[in-house]
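Per TrEMBL, the feature active site, proton donor maps to GLU222. Per TrEMBL, the feature active site, proton acceptor maps to LYS352. The substrate binding site annotation in TrEMBL covers HIS172, GLU181, GLU300, ASP327, SER379, HIS380, ARG381, SER382, LYS403. As annotated by TrEMBL, (2R)-2-phosphoglycerate binding site applies to GLN180, LYS352, ARG381, SER382, LYS403. The feature Mg(2+) binding site is assigned by TrEMBL to ASP258, GLU300, ASP327. Per TrEMBL, domain 'Enolase N-terminal' is recorded for 20-149. The domain 'Enolase C-terminal TIM barrel' annotation in TrEMBL covers 156-432.
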Amino acid sequence: MSSTAPSGIQDVLHGGRLSITSVRAEQVLDSRGWPTISVALTLDDGSVHEAAAPAGASTGAFEAVELRDDAPEYSGRGVLNAVAGVEGAVAATLTATPWDGIRQLDDALRELDGTPNLARLGANAIVAVSMAASRGFAHLAGVPLYVWIAAQTGSDPLMPVPHFNVLNGGAHAANDLDFQEFMIAPVGVGSEQDAVRAGSETYHALQAAVRDQFHTAGLGDEGGFAPPIANPVQALDLLVAAIATAGYTTDQVKVAIDPAANGFYLGDGNYQVDGRRLDRRQLVDYYDGLLGDYPIWSLEDGMAENDFEGWQLLFERVGDRAQVMGDDLFVTDPARIRQGAAEHYANSALIKVNQIGTVSQTFDAIAAARENDMTCMVSHRSGETPDTFIADLVVGTGVGQIKSGAPARGERVAKYNRLMSIERSEPRLRYGLR
Ligand SMILES: C=C(OP(=O)(O)O)C(=O)O
Ligand SMILES: [Mg+2]
């Protein structure tokens, strides 16, 4: 544990039993304007702890599933059934007994749901309850959420490198760009403050270029620009030019991409990128070329979630030069991460709390990655709320990387602002990659 933790790790681990007196849930809107669920837990000391579920658009087939209403309202995407489940069965369970720890509470939620993928109560309902309960436990321990998370996971807190998604394509934008995310990562600056500044300055340099060249500043779901381009090379040229225009070198600010290859997988080992059909070997050649030509340090979901042969080819070719990361491949599932390590699919795992559904299983996913010398990046979803849980999660687990979209739009910057606030409150925390 870091020297930054308050005195007595046992106090943090066992701040007391969580006595929940009431559970409230409601339907609110996410950043795409679709309903999501927000939960508030009241404790016996009168304190209230809230959390809201995010929602993905390019979801993996093996994720825990959301519960959406089968009703005409909100095109069937309402969450009133999820709300009713939380205020009914979940509330009855949570208020029946005090809770010793988050794992005990999460296990009870899973048992109550009774399905492997949380389909009955909904992963959206359960994740919001689990995050709100974590805040309750941190409150009992009298420490910031990230300190409680560090104690739960035996981690050294670390300020992460933010990965700003500044050009959007795929399922997150209306353009013809097959690759979903083009991110800038200030790996070579000295602090979170400096990283946010680099992200903001590069974002604005890019904005000027996009306006100038395409006469538009239209945005994708994560706040990045979505100009009418189709070729990933054109996107990377824009990015590298913006980094230089903003006055940074590519040692200071590198690039990360999430092609989200499920979105352009044709099946049978074939993909379609910018109108060209590529088999898995040709796609690996293509990535290899991009890694040679551009300062790309991290490549997420380069292959489709079921193209295991493709993952092995990709990892063998570029795994010594780049972070090869599984998102839809691993879905924050400890068992899938372990299997991926054993089969040499990747050296990194993306971490999304709502993919697995509970906070304690998210800790398990990070532990599984660590056991196998894999890195992790904590991630938002494309549909978000101003909830900042993931900012504390990334600092507390000390994994050193986060992605939360563009450095613009309230639901994205809430996380970056929380990171800077943690850094201001604890300036001794180191910034950088793990
Ligand atoms: C954040 C992502 O998108 P979504 O939330 O739509 O799955 C992603 O694919 O990494
Ligand atoms: Mg992804």
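Glycine is treated like the rest: Cβ placed from N, Cα and C.
Annotated features, which come from TrEMBL, shown on the structure.
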| residue | record | Cβ within 10 Å |
| --- | --- | --- |
| HIS172 | substrate binding site | 27 |
| GLN180 | (2R)-2-phosphoglycerate binding site | 31 |
| GLU222 | active site, proton donor | 31 |
| ASP258 | Mg(2+) binding site | 28 |
| GLU300 | substrate binding site | 28 |
| ASP327 | Mg(2+) binding site | 28 |
| LYS352 | active site, proton acceptor | 25 |
| ARG381 | substrate binding site | 27 |
| SER382 | (2R)-2-phosphoglycerate binding site | 25 |
| LYS403 | substrate binding site | 29 |
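Site extent for substrate: among the recorded binding residues HIS172, GLU181, GLU300, ASP327, SER379, HIS380, ARG381, SER382, LYS403, the largest C-alpha separation is 16 Å.
Listed recorded positions near ASP327 (Mg(2+) binding site): none (candidates GLU222, ARG381, SER382; Cα-Cα distance within 10 Å). Filtering ASP258, ASP327, ARG381, LYS403 by Cβ distance to ligand 1 (under 6 A) retains the following binding-site residues: ASP258, ASP327, ARG381. Mapped onto three states, the DSSP output places HIS172 (substrate binding site) in helix. Within the set of recorded positions ASP327, LYS352, SER379, ARG381, SER382, ASP327 have a CB atom less than 6 Å from some atom of ligand 2. Listed in sequence order, the recorded positions from GLN180, GLU222, ASP258, SER379, SER382 having a Cα within 10 Å of the Cα of the residue listed as 'active site, proton acceptor' are SER379. Restricting the recorded positions HIS172, GLU222, ASP258, GLU300 to those with a CA within 10 Å of the CA of SER382 ((2R)-2-phosphoglycerate binding site) leaves HIS172, GLU222, listed by sequence position. If you take the Cα of ASP258 (Mg(2+) binding site) and the Cα of GLU300 (substrate binding site), they are about 5 angstrom apart, rounded to a whole number. Take GLN180, LYS352, ARG381, SER382, LYS403, the residues named in the record as contacts for (2R)-2-phosphoglycerate: the widest Cα to Cα gap among them comes to 17 Å. Close to the recorded Mg(2+) site, the chain also has GLN180, GLU181, PRO259, ALA260, ASP301, MET325, GLY326, ASP328, LEU350, SER379: residues not among ASP258, GLU300, ASP327 whose Cβ is within 8 Å of the site's Cβ mean position. Each residue in the domain 'Enolase N-terminal' (20-149) gets a DSSP state, and the totals come to 57 helix, 26 strand, 47 coil. The Cβ neighbour count for SER379 (substrate binding site), using a 10 Å radius and every protein chain shown, is 27. For the pair formed by GLU300 (substrate binding site) and GLN180 ((2R)-2-phosphoglycerate binding site), distance between Cα atoms is given as 10 Å, rounded to the nearest Å.
For the pair formed by GLU222 (active site, proton donor) and HIS172 (substrate binding site), distance between Cα atoms is given as 7 Å, rounded to the nearest Å. In the three-state DSSP scheme, GLU222 (active site, proton donor) is classed as coil.
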